[in-house]
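Colleague: Pulled these features from TrEMBL for this protein:
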ACT_SITE  His80  active site, nucleophile
ACT_SITE  Asp349  active site, proton donor
COMPBIAS  407-417  compositional bias 'Low complexity'
DISULFID  Cys69-Cys398  disulfide bond
DISULFID  Cys262-Cys276  disulfide bond
DISULFID  Cys452-Cys460  disulfide bond
REGION    404-432  region 'Disordered'
SIGNAL    1-19  signal peptide
Amino acid sequence: MSFSASVLAILAVTGVARAAAGVSLDPVQPVLLPDGAYAKNPLSHLGGNGPWNAAGDVNGISSDIPENCHVDQAAYVLRHGSRFPDTGAHNGWLEMARRFKESSYKATGPLSFFHTWDTPLTRPDIQIAQLSKTGYKELYDMGYTLRTRHPDLYEEGDEFFVWANNYTRVLQTAQLFVRGYLGPNSTLLGNVVSVTGRGVPAHLGDTLAPSDMCPTFKDDSSKQTNAWRSLWLPPFIKRLSQYIDGDLVLDDSHWNDFPYICGFESQITGRLSPFCDTFTQEELEQYEYHQDLRYYYGVGPAVDVASKMMTPFLDSLVKLLAKGPGVAGVRADGTSFALPKLIMSFLNDGQLNQLAAALGVFDDQKPLPTDRIPDDRLWRSSRISPMRGTIAFERLNCRVNGPVPPASTATTTRTRSCVPRPTSAAGGGNGARNETYIRIRINEAVYPVPSCQDGPGKSCAVGRYAKYVADALEKSGDFAKLCNATDPATPKQVKGASFFTDLGQDHLQIVKP
């Protein structure tokens, strides 16, 4: 065979292989993330205040499905999509705009836009706290992403359920996702199960916002964030003040909001905000760390109550994944329905961070200091809970070879190494067999559990991860006691997430997309 013929043959085989593998058309990232004048990708470093962005290669682990594995079930837990500000934040913007207009001054350089800037909300009465245009796109695009990424998890024409915290922007998020996932059939086939998380004491620890009914829960990171802000904000103010000549006076809270407005105004208008050009790369990273401290010490691993709030939910969810696809649920009328192979839950940023704290993937994270930025920190809010922040659980069904590890009688803890145990064998023997594992992805990046990562792609055997979570739940103690919940209707034992399989409960309501 001639050289040219050999090349053509190789190309033909390669083409067939590529066609068989299927090159994804999905861009994944719903919006562009342009550079600012002085900072790279500012929208990717705003903690909870930026639009959704893929976390990138966090742990050096490919996000591709490991060889000889396929996803036979998955669960995604999402924060709501990009939105307009709440009333309090918007009032601060209005006050800033008023000072820009009424003061006698001249702003130059990166602040020259002050003279013409106004809040981007054109109808606050109907926009406040609702999803923005970017939020719409994030959810429609995610519907497309998951439908094409996991085509085997949904059969065309099947009824489809998702679950959402009963909060307007969260319900909007769920509805938009279903429309993107099902397309024209969404109204016919889609169902959003609204889960009320307030005023239903009988369902303590059985909602998508358990902290909302927990009296001992406090979201307060002010000590840590104030300590850090006292270090980074004054130099920021001093540097920018040189561009103002006149009597314009801004409060510290206004200056601190510059990165915040950068994120919000950009996703509201669909164009990079001029506020994104007011800070340097170093200042951007300092603000990002401010956000890290806010979540870590407010609703994250550093807080005893907050870090345990989503453990009952996680335990229930992982038990469903351990059972595998085919679980049946009961409707309000007593008839059965099939739990989707793709289990979707929608909630707020506080709950997403509480869930992140419970996963185990941050077990090796040391407490975050308030006087410096540790470059090696794993807890980064921009990678955990941007708008539409996502935690995914993929159940990997893998064909493996070699001896089956014996069953272990040791207790799996957060500090003990765990060896995956096959779900299809009791121990002993050789040869090929199928085993199932859990792989956790946060905004696309793979995050292994430090004490259980011996499976394909550093995943954890389903049974071992289920035990890990169950042990954490037992260690957390009585949930009602933890919350000091004293209402007579408080359950003796919380259910975690019974709403996935029992739709006939009084705190649930079906909403159409």
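Placed from the backbone N, Cα and C atoms, the Cβ positions cover glycine too.
Bear in mind that TrEMBL entries carry predicted annotations, made automatically and left uncurated.
Tell me about the setting of these features in this model.
Modeller: DSSP gives His80 (active site, nucleophile) a coil state; it is part of no helix or strand. Of all the Cβ atoms in the protein chains shown, 30 others lie within 10 Å of the Cβ of His80 (active site, nucleophile).
Same-chain residues at least 6 positions away in sequence with a Cβ under 8 Å from that of Asp349 (active site, proton donor) are, in sequence order, Gly48, Arg79, Tyr295, Ser385, Gly389.
The Cβ of Cys398 (disulfide bond) lies under 8 Å from the Cβ of Pro66, Asn68, Cys69, His70, Asn434, Glu435, Thr436, Tyr437, Gly455, Pro456, each of these being in the same chain and 6 or more residues away along the sequence.
Cys262 (disulfide bond): 28 other CB atoms within 10 A of its CB, across all protein chains.
In this structure, Cys452 (disulfide bond) is part of a beta strand by DSSP.
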Colleague: Compute the C-alpha separation of His80 (active site, nucleophile) from Cys262 (disulfide bond), stating it in Å without decimals.
Modeller: 19
Colleague: How big is the gap, in Å, between the Cα of Cys276 (disulfide bond) and that of Cys460 (disulfide bond), rounded to a whole number?
Modeller: 40
Colleague: Rounded to an integer, what is the Cα-Cα distance in Å between Cys452 (disulfide bond) and Cys262 (disulfide bond)?
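Modeller: The separation of the Cα atoms works out to 39 Å.
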Colleague: Ten-angstrom check, please: count other Cβ atoms within 10 Å of the Cβ of Cys276 (disulfide bond), all chains counted.
Modeller: 26
